[in-house]
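> For Asn184, the entry in Swiss-Prot reads N-linked glycosylation site, with the evidence type sequence analysis. For 1-33, 90-107, 151-161, 218-236, 299-306, 353-357, the entry in Swiss-Prot reads topological domain 'Cytoplasmic', with the evidence type similarity to another entry. Per Swiss-Prot, the feature topological domain 'Lumenal' maps to 55-68, 182-196, 258-277, 328-332; the stated evidence is similarity to another entry. Annotation source Swiss-Prot lists transmembrane segment at 34-54, 69-89, 108-128, 130-150, 162-181, 197-217, 237-257, 278-298, 307-327, 333-352.
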Amino acid sequence: MASARNGVSKDELLPVYERRSQRDGDISGSVKSFASTIGNSASAAVLAYCLSSISMTLVNKYVVSGASWNLSFLYLAMQSFIGTVAILACKKTGLIQNLALFDLKKAQTWLPISLLLVGMIYTGNKALQFLSVPVYTIFKNLTIIVIAYGEVLMVGGGVKPLALLSFGLMVLSSVVAAWADIQNATTATVGASSDSTAAALSALNAGYAWMGTNVIFSASYALGMRRVIKKTNFDNWDVMFYNNLLSIPILLLASVLAEDWSSENLQRNFPAELRQSLFIGILYSGVAAVFISYCTAWCVRATSSTTYAMVGALNKLPLAVAGIVFFAAPVTFGSVSAIVLGFISGLVYARAKSTGA
């Protein structure tokens with residue numbers, strides 16, 4: 001009472017360390033409250049998913065777009081190694097709490113899926129090397145069609161009318177994109193030698209061939225993973241960990257056998273003036289692959305699978321626009337029409353998934 005009469009508060013009578021502990025507890029509580037708010041925010045989840053997936057595609061395009069680039073297996077091995085280290089670091093710090101210990105038997109069961117993943121990411125990077133980001137994005141929609149009919153063959157059932165309409169729009173957008181690409185290639189080489197035109201068309205044909213192969217690998221990976229994941233009882237982080245870990249020796253072996261590791265070739269692939277930015281891109285892509293996996297689960301948890309499907313459809317447009325902005329992809333009536341058709345097809349497909357029509 002005397003202290004109160006003398007104008008000294010109760011808090012001032014507490015020992016310094018107790019007041020500091022109380023203050024730190026208040027700050028910690030505020031941080032946890034803010035983190036909880038963000039974690040349950042649908043807007044934050046959608047934004048994080050969109051930014052991570054767009055940036056990942058753009059960084060991959062940047063790394064593999066060098067005129068002399070021919071070390072895709074090595075690049076992907078580095079990416080997988082960085083992803084594995086990032087996952088283990090997250091587990092060590094407590095950010096990931098449900099990652100099980102490595103199981104050799106489960107690894108053997110999962111190995112065929114990792115082989116399909118290697119095929120998927122390698123062919124995807126090769127397609128990006130020859131095709132523009134908008135065209136790559138549009139053709140990627142074809143994977144949805146192959147998966148849908150693969151599921152029909154595996155589990156029966158059929159494809160509903162609205163889904164069929166979306167598939168038709170996807171095919172049409174791909175045809176328009178290819179037509180616009182070929183028109184641009186021939187127009188850009190007008191006045192040049194016939195060899196230049198032939199080289200441009202040859203590069204496009206290589207890109208389409210890699211894209212077609214990527215669609216097959218992507219669909220096979222998705223369909224195979226759904227079957228094997230039931231046997232292993234993996235969650236999202238287990239899938240990410242085993243995919244990255246098992247891919248490393250496969251990719252390294254493929255790189256040693258198929259790629260040139262001479263100092264001259266390494267110099268051509270990583271020129272001194274671009275070396276730092278390329279390595280930053282490789283580091284980012286490895287970490288971003290883990291972040292995309294987290295954001296996918298976050299988006300589904302904070303919203304719904306229907307909203308996630310819709311976001312995936314809407315994400316095609318900013319990704320295509322980003323490709324035009326950052327890599328100067330040609331803007332023509334054909335290319336814009338293909339992007340719009342691809343965007344609409346994604347919306348129709350998301351609607352078909354949500355209504356079952």
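Each residue, glycine too, has its Cβ placed from N, Cα and C.
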> For the transmembrane segment (130-150) and the transmembrane segment (278-298), check the count of CB pairs under 8 Å (sequence separation 6 or more) and say whether it reaches 3 or more.
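Since fewer than 3 Cβ pairs under 8 Å link them, the transmembrane segment (130-150) and the transmembrane segment (278-298) do not come into contact.
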> Using Cβ atoms only, which residues of the same chain lie under 8 Å from Asn184 (N-linked glycosylation site) while being at least 6 residues apart in sequence?
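Correct list: Pro330, Thr332, Gly334, Ser335.
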> Taking residues 6+ outside the topological domain 'Lumenal' (258-277), which of them lie with a CB under 8 Å of any CB in it?
66, 68-74
> With the transmembrane segment (69-89) as the reference, find which of 108-128, 162-181, 197-217, 237-257, 278-298 contributes the most Cβ pairs under 8 Å.
237-257
> Where does the mean pLDDT land for the topological domain 'Cytoplasmic' (353-357)?
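In the predicted model, the topological domain 'Cytoplasmic' (353-357) has a mean pLDDT of 71.
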> Cβ pairs under 8 Å with the transmembrane segment (237-257): which stretch of 108-128, 162-181, 197-217, 278-298, 333-352 has the most?
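Out of the listed stretches, 108-128 contacts the transmembrane segment (237-257) most.
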> Sort out the residues at least 6 away from either end of the transmembrane segment (278-298), same chain, that have Cβ-Cβ distances under 8 Å to it, and list them.
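Beyond its ends, the transmembrane segment (278-298) has Cβ neighbours at 39, 45, 48-49, 52-53, 55-56, 59-60, 62-63, 75, 78-83, 85-87, 90, 236-237, 239-240, 244, 270, 308.
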